[in-house]
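K.L.:
Quick one: this structure, given as structure tokens, is what I'll be asking you about.
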Amino acid sequence: MLGRSLPSLCSKREAVSKNGAYQAQALASKGKAMYSSNLKGFILAMVSSAFIGSSFIIKKKGLRKAGVNGPRASSGGYGYLLEPLWWVGMLTMIIGEISNFVAYIYAPAVLVTPLGALSIIVSAVLAHFMLKEKLQKMGMLGCLLCIVGSTIIVLHAPEERSISSVEEIWEFATQPAFLLYTASAIATALVLILYCAPRYGQTNIIVYIGICSVIGSLTVMSIKAIGIAIKLTLEGTNQAKYFQTWIFAMVAITCIIIQLNYLNMALDTFNTAIVSPIYYALFTSFTILASAIMFKDYSGQSASSIASELCGFITVLSGTAVLHSTRDPETPLITDLYTPLSPKVSWYIQGNGELWKQKDEDESSPSFITILRQDYFK
């Protein structure tokens, strides 16, 4: 009896060892596949950053060319739509966005999203050589702070949950918390568009970029829903039959049009090396906030992770403030001394010691000496 049990015991051990070997081999092959997948995502994210960073410069050169022959985009003109160079920039951006979208298929968000900061470096370097826009040392520090802060936020962000249908995303989008965020985002955008943009759009970079960033967070949520719908449809579960898919598509198209319009205004008005980092920082912050509210990403987060993300937000805001304070004025297309790009205000002291303010367009002048000229870029 004992003699019979020994061979069976040995055969069981051999089977266990073989299963262990198979499992180890499977894990090794899985690790290689994950490494290969992450490498593809890394390369695609790098390519995306290069294309997107270049698109800022190409589109701005197109905007400048279009502004010579007609109203500038910052003044409400749409002549850039007839400028081929602007469309080259748009094509470059589309290629970059497609590369970025595909990168998320191969690699996790914690790897792909921080690499988007490389587009800032690309645009700053190209702007220095192609647009002659000098980036100050403090501006470089601001760029670094924006990159570091955004990276901290992304690295400590929670993993995305698995979603099986567009209807499930619709349930997330119609929950009270996200409806409140959507209403707040729309209200903020309307205030910026209707009140702030006509008054402060030419002098405060946060106005145009704020519109792009707030609306952009809604764009990303809609694009994510469309991407999941396409993925599920390719896997055999048709999502086109649900009306929610088409609502997300209409929202995405509307938000993208608004984003492009005000991004063009920002590029046409302010220094590219400043627009890119601020847009990246605010857009990333609002997008993570929208995702956290919609998908409840932070429900299982530890206190240390939440504290790290708060530090990341503070770092991003600090970098934005540094960049905003060190930006250089745009070089006017018309270099006539008496026709500046934007209106200026002159302050005078009259003989009785009272201050007197005069716009440059005003032909009258006081009887004393100018002590300060303050334009909208100071």
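Each Cβ is built from the backbone N, Cα and C atoms, and glycine gets one as well.
TrEMBL: automatically predicted annotations, no manual curation.
Not measured: the values here are computed from a predicted model.
According to TrEMBL, the protein carries these features:
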| type | residues | note |
| --- | --- | --- |
| TRANSMEM | 39-58 | transmembrane segment |
| TRANSMEM | 78-95 | transmembrane segment |
| TRANSMEM | 101-126 | transmembrane segment |
| TRANSMEM | 138-158 | transmembrane segment |
| TRANSMEM | 178-198 | transmembrane segment |
| TRANSMEM | 205-230 | transmembrane segment |
| TRANSMEM | 242-262 | transmembrane segment |
| TRANSMEM | 274-295 | transmembrane segment |
K.L.:
When you check the transmembrane segment (178-198) against the transmembrane segment (78-95), do you get at least 3 Cβ pairs under 8 Å, counting only pairs 6 or more apart in sequence?
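P.N.:
When sequence-distant Cβ pairs are counted, the transmembrane segment (78-95) does not touch the transmembrane segment (178-198), since fewer than 3 lie under 8 Å.
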K.L.:
What stretch in 39-58, 78-95, 138-158, 205-230, 274-295 has the biggest tally of Cβ pairs under 8 Å against the transmembrane segment (242-262)?
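P.N.:
Answer is 205-230, with the largest number of Cβ pairs below 8 Å.
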K.L.:
Using Cβ distances below 8 Å and needing 3 or more such pairs, separated by at least 6 in sequence, tell me whether the transmembrane segment (205-230) contacts the transmembrane segment (274-295).
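P.N.:
By the criterion, they touch.
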